[in-house]
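Take a look at the structure set out below.
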(Lines of atoms letter the chains of each structure in order from A; the text may use other names.)
(Lines give C-alpha, C1' and ligand atoms only; values in the text may rest on other atoms or scores of the structure.)
Protein backbone atom coordinates (compact mmCIF):
# COMPACT_ATOMS: atom_id res chain seq x y z
CA UNK A 1 0.00 0.00 0.00
CA UNK A 2 1.48 3.34 -0.97
CA UNK A 3 2.25 5.89 1.72
CA UNK A 4 0.27 8.61 -0.05
CA UNK A 5 -2.71 7.54 -2.07
CA UNK A 6 -2.70 10.38 -4.58
CA UNK A 7 -5.53 8.99 -6.66
CA UNK A 8 -7.97 9.21 -3.75
CA UNK A 9 -6.66 12.58 -2.59
CA UNK A 10 -6.95 14.16 -6.03
CA UNK A 11 -10.19 12.39 -6.91
CA UNK A 12 -8.93 10.80 -10.13
CA UNK A 13 -8.87 7.19 -11.22
CA UNK A 14 -5.88 6.45 -13.45
CA UNK A 15 -6.58 2.71 -13.33
CA UNK A 16 -9.51 3.09 -15.72
CA UNK A 17 -7.12 4.50 -18.32
CA UNK A 18 -4.51 1.78 -17.82
CA UNK A 19 -6.68 -1.31 -17.55
CA UNK A 20 -8.13 -2.89 -20.65
CA UNK A 21 -11.45 -3.98 -19.16
CA UNK A 22 -12.07 -0.93 -16.97
CA UNK A 23 -12.65 1.56 -19.76
CA UNK A 24 -16.25 2.70 -20.29
CA UNK A 25 -18.33 -0.11 -21.80
CA UNK A 26 -21.53 0.05 -23.85
CA UNK A 27 -24.70 0.32 -21.74
CA UNK A 28 -22.46 0.97 -18.71
CA UNK A 29 -22.07 -2.75 -17.96
CA UNK A 30 -18.79 -4.31 -16.89
CA UNK A 31 -17.07 -6.32 -19.60
CA UNK A 32 -16.84 -10.10 -19.43
CA UNK A 33 -13.24 -10.36 -18.23
CA UNK A 34 -13.34 -7.35 -15.91
CA UNK A 35 -13.41 -9.48 -12.74
CA UNK A 36 -10.39 -11.54 -13.82
CA UNK A 37 -8.36 -8.46 -14.67
CA UNK A 38 -9.30 -6.82 -11.38
CA UNK A 39 -8.21 -9.94 -9.41
CA UNK A 40 -4.87 -9.95 -11.25
CA UNK A 41 -4.28 -6.25 -10.58
CA UNK A 42 -5.28 -6.55 -6.90
CA UNK A 43 -2.97 -9.55 -6.46
CA UNK A 44 0.04 -7.73 -7.88
CA UNK A 45 -0.63 -4.38 -6.22
CA UNK A 46 2.31 -3.42 -4.01
CA UNK A 47 4.34 -6.59 -4.64
CA UNK A 48 6.71 -5.36 -7.31
CA UNK A 49 7.02 -6.75 -10.81
CA UNK A 50 9.28 -9.73 -10.04
CA UNK A 51 7.26 -11.06 -7.11
CA UNK A 52 3.94 -10.34 -8.83
CA UNK A 53 4.91 -12.40 -11.89
CA UNK A 54 5.70 -15.37 -9.67
CA UNK A 55 2.91 -15.09 -7.10
CA UNK A 56 0.06 -13.91 -9.33
CA UNK A 57 0.57 -16.38 -12.18
CA UNK A 58 -2.79 -18.21 -11.63
CA UNK A 59 -4.73 -14.93 -11.76
CA UNK A 60 -2.87 -13.86 -14.90
CA UNK A 61 -3.55 -17.22 -16.59
CA UNK A 62 -7.26 -16.94 -15.76
CA UNK A 63 -7.36 -13.43 -17.23
CA UNK A 64 -5.56 -14.51 -20.42
CA UNK A 65 -7.87 -17.52 -20.82
CA UNK A 66 -10.88 -15.24 -20.52
CA UNK A 67 -9.44 -12.86 -23.13
CA UNK A 68 -8.02 -15.32 -25.68
CA UNK A 69 -9.92 -18.59 -25.04
CA UNK A 70 -6.89 -20.72 -25.96
CA UNK A 71 -7.72 -23.60 -23.61
CA UNK A 72 -11.30 -23.63 -24.87
CA UNK A 73 -10.15 -23.79 -28.50
CA UNK A 74 -7.72 -26.61 -27.72
CA UNK A 75 -10.44 -28.57 -25.88
CA UNK A 76 -12.86 -28.08 -28.80
CA UNK A 77 -10.23 -29.26 -31.29
CA UNK A 78 -9.62 -32.40 -29.19
CA UNK A 79 -13.37 -33.13 -29.19
CA UNK A 80 -13.61 -32.68 -32.97
CA UNK A 81 -10.56 -34.92 -33.53
CA UNK A 82 -12.13 -37.62 -31.36
CA UNK A 83 -15.41 -37.33 -33.29
CA UNK A 84 -13.59 -37.66 -36.63
CA UNK A 85 -11.71 -40.70 -35.33
CA UNK A 86 -14.96 -42.35 -34.21
CA UNK A 87 -16.56 -41.63 -37.60
CA UNK A 88 -13.59 -43.29 -39.38
CA UNK A 89 -13.87 -46.35 -37.13
CA UNK A 90 -17.63 -46.54 -37.77
CA UNK A 91 -18.59 -46.15 -34.12
CA UNK A 92 -20.47 -42.89 -34.67
CA UNK A 93 -22.65 -41.57 -37.46
CA UNK A 94 -23.57 -37.90 -37.25
CA UNK A 95 -27.20 -36.91 -37.83
CA UNK A 96 -28.21 -35.60 -41.25
CA UNK A 97 -28.45 -32.00 -40.10
CA UNK A 98 -24.78 -32.16 -39.05
CA UNK A 99 -23.81 -33.33 -42.53
CA UNK A 100 -25.32 -30.26 -44.19
CA UNK A 101 -28.48 -31.99 -45.42
CA UNK A 102 -31.87 -30.42 -44.91
CA UNK A 103 -34.35 -31.86 -42.46
CA UNK A 104 -37.15 -33.80 -44.07
CA UNK A 105 -40.26 -32.06 -42.92
CA UNK A 106 -43.68 -33.69 -42.89
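Each residue, glycine too, has its Cβ placed from N, Cα and C.
The structure displayed is predicted, hence computed values, not measured ones.
When the ranges 63-84, 85-106 are checked against TrEMBL, the one recorded as region 'Disordered' is 85-106.
Residue 43 (disulfide bond) sits 17 Å from residue 66 (disulfide bond), taking the Cα positions as reference.
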